[in-house]
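The Mg(2+) binding site annotation in Swiss-Prot covers His86, His88, Asp102, and the record cites experimental evidence as its basis.
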Amino acid sequence: MSDTLPGTTLPDDNHDRPWWGLPCTVTPCFGARLVQEGNRLHYLADRAGIRGLFSDADAYHLDQAFPLLMKQLELMLTSGELNPRHQHTVTLYAKGLTCKADTLSSCDYVYLAVYPTPEMKN
């Protein structure tokens, strides 16, 4: 994962490239289309992208949290909470990040969007 993060602190809205992840209006946002093989997920760097400007701390947290998020999504595939035949968005939280994921009823892919968890205002 870390080989996909260089330059995340440089402005790049990626409007000239396809967005592979789950549709997301929050910026910054990391999006990816993961390949599903049974209950396993595979990350392909050419099917991922970043919109907006991640802080160095958030980019570091994304690098740390991504393997954990992948494992949690695989467990959700195993339990049936994430189902390739039914559209259903799941939300995970790790290291100050929010991850939304959904199969979008596609039998071979899981789409995700990861972004810094917004702070709650009192």
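The backbone N, Cα and C atoms fix where each Cβ goes, and this holds for glycine too.
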Sorted by sequence, non-His86, His88, Asp102 residues with Cβ within 8 Å of centre, Mg(2+): Leu82, Asn83, Gln87, Thr89, Val90, Thr103, Leu104, Ser105
Other C-beta atoms that fall within 10 angstroms of the C-beta of His88 (Mg(2+) binding site): 13
Per DSSP, three-state class assigned to Asp102 (Mg(2+) binding site): strand
